[in-house]
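*Asks:* Got these off TrEMBL a minute ago, pasting:
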- 40-63: transmembrane segment (TRANSMEM)
- 70-87: transmembrane segment (TRANSMEM)
- 99-116: transmembrane segment (TRANSMEM)
- 123-144: transmembrane segment (TRANSMEM)
- 156-172: transmembrane segment (TRANSMEM)
- 184-206: transmembrane segment (TRANSMEM)
- 212-235: transmembrane segment (TRANSMEM)
- 247-266: transmembrane segment (TRANSMEM)
- 286-303: transmembrane segment (TRANSMEM)
Amino acid sequence: MIFLTDALQDNNLLATYTGYLHVYPRIIAELGTLLPPQYFSLYIAAAVALIRVALFFLLLGVLGPYAKTWRWGIAAAATVLFIGSGQQEVLGNITNLRWFLDIGATLALLGVFRSWGWRLLGLFFLWGGVLSDPLSLALAPIALWRVITLRGSERILPTLYFPAFLLHVLIIDTDARESALSSFLAVPVEFFSSIVVRVLTVPLLGETGATVGVMTTGALITAVMTLVLVALVFLVSWKQSPLQTRLMACLLFAAAFCFFLATINFANLDAISVSSGVAKVSRYSLMPAVLIPSALLVLLSWAHGSWVTKTVKIAFCSLLIIGSGVDSRGDEWSTRGPEWNRTVSEVSDICSTDTRLTSVTVQITPEGTPKTWTATLPCDWVRN
């Protein structure tokens, strides 16, 4: 609702929030103000869902050629639609839309697009990531690498990365956040366990599965068991996979780990430590939850032969399906109110009662959430 309040006042698409740009969320909020207010929440949910569907097609276009069959390509791309991580923080949330935009920006640079339709889709996510989250600024070396190695019109997309990059770099407030890396290095075992659980266990077993593992065996044992599972997938598929598929899988793994490390650099240890709860800051696992399973599914598509290989494939896919299914319970916070249409109706009544009012500030915080949220709704907008 931060961006709704700004859009209803004097919206500046290049204004920073927490030190950096959020251009796409601001554009979405601005367009939403053109609708009657009672439809705003439905519009936001639909907009976020449509962007995830668009990201599915981008993933399919980039990863499909690396999978052995189109079915495996669809399975790899479908992680963005069915992964359960971060349900309470990303569903219908334009602020946390940036995680999906970062994924799209990464895939847009790694892909090779020969048609203008795919290039436009890639550009949508490329500029969306770079102009909505500083994490995508770290993709500059990848963009430069692609400009150097690609040929002809294939260079256009990575070249267009740099205007958006320069714009964000000129505006970003680098003093808005401080690094917390030193506190992590002081507890290496806990740091290692938490990283593996959040980057590998949560993407493969889901938040619920990872929570059960941490509570029953501890974070370190859970991390080691997850590493064994990932090693088995690599063991049965690595030699049978083409070189380009292996390279793409490694790039996706590197992106997942690097994005996660860059994210937690500005978080506190208590929030990151899985001993404090796997579900805390679950949004930080969202990018690994898409990139890691996608990479492993593309690799597994080439695995065949012994009963060990078949067992690993069945077990891995089963764990993904079960983990995603258990976690896909929806956003529980949204069920705790307040209901948006009722809020709009109440504000309309207040504005009608006191015609001197120009706006009304309302509480929109669900019960039991740790932070208070408000929205300032102009009476002119509510009356329309």
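Glycine residues also receive a Cβ, built from the backbone N, Cα and C atoms like all the rest.
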*Asks:* Of the stretches 99-116, 123-144, 156-172, 184-206, 212-235, which racks up the most C-beta pairs under 8 Å with the transmembrane segment (286-303)?
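*Replies:* Looking at each of 99-116, 123-144, 156-172, 184-206, 212-235 in turn, the most contacts to the transmembrane segment (286-303) are made by 184-206.
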*Asks:* Counting only residues 6+ away from its ends, which parts of the chain sit with a Cβ under 8 Å from the transmembrane segment (123-144)?
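*Replies:* For the transmembrane segment (123-144), the sequence-distant neighbours (Cβ-Cβ under 8 Å, at least 6 residues beyond its ends) are 19-25, 54-55, 58, 97-99, 101-110, 157-162, 164-165, 167-169, 172, 258-259, 262-263.
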*Asks:* Is it the case that the transmembrane segment (184-206) and the transmembrane segment (212-235) have 3 or more CB pairs under 8 Å, with pairs at least 6 apart in sequence?
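*Replies:* Contact between the transmembrane segment (184-206) and the transmembrane segment (212-235): present.
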*Asks:* Counting Cβ pairs closer than 8 Å, which of 40-63, 99-116, 156-172 has the most of them with the transmembrane segment (247-266)?
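*Replies:* Result: 99-116.
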*Asks:* Should anything in the same chain at least six residues away from the transmembrane segment (99-116) have a Cβ under 8 Å from its Cβ atoms, list it; otherwise answer none.
*Replies:* 24, 51-52, 54-55, 58-59, 61-63, 80, 86, 90, 122-126, 128-130, 132-133, 135-136, 139, 142-143, 146, 150, 154, 157-158, 161, 248, 251, 255, 259, 283, 286-287, 290-291
